[in-house]
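S.K.: According to Swiss-Prot, the record shows the following:
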type	residues	note
DOMAIN	25-277	domain 'Protein kinase'
BINDING	31, 32, 33, 34, 35, 36, 37, 38, 39, 54	ATP binding site
ACT_SITE	148	active site, proton acceptor
MOD_RES	182	phosphothreonine
MOD_RES	186	phosphothreonine
MOD_RES	299	phosphoserine
MOD_RES	302	phosphothreonine
MOD_RES	306	phosphoserine
MOD_RES	323	phosphothreonine
MOD_RES	327	phosphoserine
MOD_RES	328	phosphothreonine
DOMAIN	391-469	domain 'POLO box 1'
DOMAIN	491-572	domain 'POLO box 2'
């Protein structure tokens, strides 16, 4: 007999009432969970302002002796006010729960950025690290040690501004020279003096920033091993390797922060004087496409550099090299298109490895024999943080004459022509990327492009007009519009039709299946997750491990099996 899906949110009311402030919040979509708390998007019913509602169960809090810790977290966090710290708006309680009203960070945390991208460019790292330092400097100036700085506690808002959050382990230094003795932190980021219990202070945050910076640039934490024992051993010995491809300014800064002796580490304010930050202009913004794809060019790169950069293994895109760009480049009117080397595109082996990984993950899911449920799993089994950033919302097949056209969820338009060349119109409706048969990228605008592409540009306009006028958009609407010149949007790598579905593989690694019954699947190998979109355009994202552990509806299971079979055929084609 099929099992019923569980819904564990019954102890949380739909309306959260703050009697003292005379405010009522409506509980909206589930946002995530961790420790003893669940997080929801909540709306102030009077003002329509949207917040994150962190809801802590009193029953669990008392059971695990977390009452004092929660009180200290609230006391510290409510006293803070800085652009790079998650804003604390309010807190209240009832007989069942404590409700903490926080700034909503819709772009999730830097952990999701890391999973999707592995390594990021130095250009991007400079942007993030500078903001992290600003936030931590504010904390240290106010005698607060965070003690749990890690990618998962560094949140991102819609503008990709860094917001430091989760003050559950934070502490305040009461007097000059005080050393804390509590064993706390996250294994991959914990400082050696915490492990040796010699007493610790502000320097533990510097160590953690070093681990964060290393992870962003290299793609994995510096001391990561398969076991906790080995990781702690490496941390105590300060045993890690700086890859040779890291440029000296970046390597010097990481090495300075990862000093085994806390007294040898720079103070937070001194980090701003390192060449990595001082020698290059810190970017003022990044496009949201950087969450899944490397930027096309950094404003400190030269035109020549953008044409000849070498890819870093496991990096989704590019890494700046030693040379620099005149700051006027991005402002210049590009009369001649800038052609980037095929090296900036991910190689076909990388696309294949994504499909191989996805096929293996689906195979493991099926072999796990998940129980079949009568309906979908409850909201609390979903993982909204793993929801795809880009998917295909419209498509039209004119491959009998011209090619396959599609629109991404952010309003970007793409065409894959029958000769395998591609045109992508960015959401700003100005910038155009052309990708030739060999994978070389050419950057143009709708008014300034190669005359040899005249016919294809007209076809792009035709596809765009048809989809806008005749097709209904699939999926959520809350997607930012890209409007800058450094975006590299994911585009269609390959597609094919079957008797009951259209299968589309994007260059960010995801595979989308649009079924004839109007159900859609988006599979992401990097997040190990599947997103299921029903006829009403409702999104549900599940980790593969959650499905194995908790079960799956019959319809979704059948579609997963179908997707696995199509991935197998894709792999066979790639190897022939």
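Any Cβ shown, glycine's included, is placed from N, Cα and C.
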S.K.: What are the other residues, in sequence order, whose C-beta lies within 8 angstroms of the center of the C-beta atoms of 31, 32, 33, 34, 35, 36, 37, 38, 39, 54 at the ATP site?
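M.R.: For the ATP site, the extra neighbours are 55.
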S.K.: Tell me the Cβ neighbour count for residue 31 (ATP binding site), meaning other Cβ atoms within 10 Å of its Cβ, over all protein chains shown.
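M.R.: Residue 31 (ATP binding site): 21 neighbouring Cβ atoms within 10 Å.
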S.K.: To the nearest whole angstrom, state the Cα distance for the pair residue 148 (active site, proton acceptor) and residue 182 (phosphothreonine).
M.R.: 12
S.K.: Counting only other Cβ atoms and using a 10 Å cut-off, which of the modified residues 182, 186 scores lowest?
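M.R.: Among the modified residues 182, 186, the sparsest Cβ neighbourhood within 10 Å belongs to 182.
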S.K.: State the Cα to Cα distance, in Å, between residue 31 (ATP binding site) and residue 182 (phosphothreonine), rounded to an integer.
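M.R.: So the Cα of residue 182 (phosphothreonine) lies 30 Å away from that of residue 31 (ATP binding site).
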S.K.: Could you tell me the C-alpha distance between residue 33 (ATP binding site) and residue 182 (phosphothreonine) in angstrom, no decimals?
M.R.: 25
S.K.: What counts of helix, strand and coil residues does DSSP assign across the domain 'POLO box 1' (391-469)?
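M.R.: Looking at the domain 'POLO box 1' (391-469) with DSSP, the answer is 19 helix, 32 strand, 28 coil.
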S.K.: Taking the Cα atoms as reference points, how far is residue 37 (ATP binding site) from residue 182 (phosphothreonine) in Å?
M.R.: 22
S.K.: Mind checking how the domain 'POLO box 2' (491-572) divides into helix, strand and coil residues in DSSP?
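M.R.: Result for the domain 'POLO box 2' (491-572), in helix, strand, coil order: 26 helix, 34 strand, 22 coil.
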S.K.: Which of these binding-site residues has the least crowded Cβ, counting other Cβ atoms within 10 Å: 33, 37?
M.R.: 33
S.K.: Would you pick out, from the recorded positions 35, 39, 148, the residue whose Cβ has the largest number of other Cβ atoms within 10 Å?
M.R.: 148
S.K.: Indicate whether residue 148 (active site, proton acceptor) is helix, strand or coil by DSSP.
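M.R.: Reduced to three states, the DSSP call for residue 148 (active site, proton acceptor) is coil.
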S.K.: Under DSSP, is residue 37 (ATP binding site) part of a helix or a strand, or is it coil?
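M.R.: Going by the DSSP assignment, residue 37 (ATP binding site) falls within a strand, counted as strand.
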S.K.: Would you kindly give the Cα-Cα distance separating residue 186 (phosphothreonine) and residue 35 (ATP binding site), rounded to the nearest Å?
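M.R.: Approximately 13 Å lies between the Cα of residue 35 (ATP binding site) and that of residue 186 (phosphothreonine).
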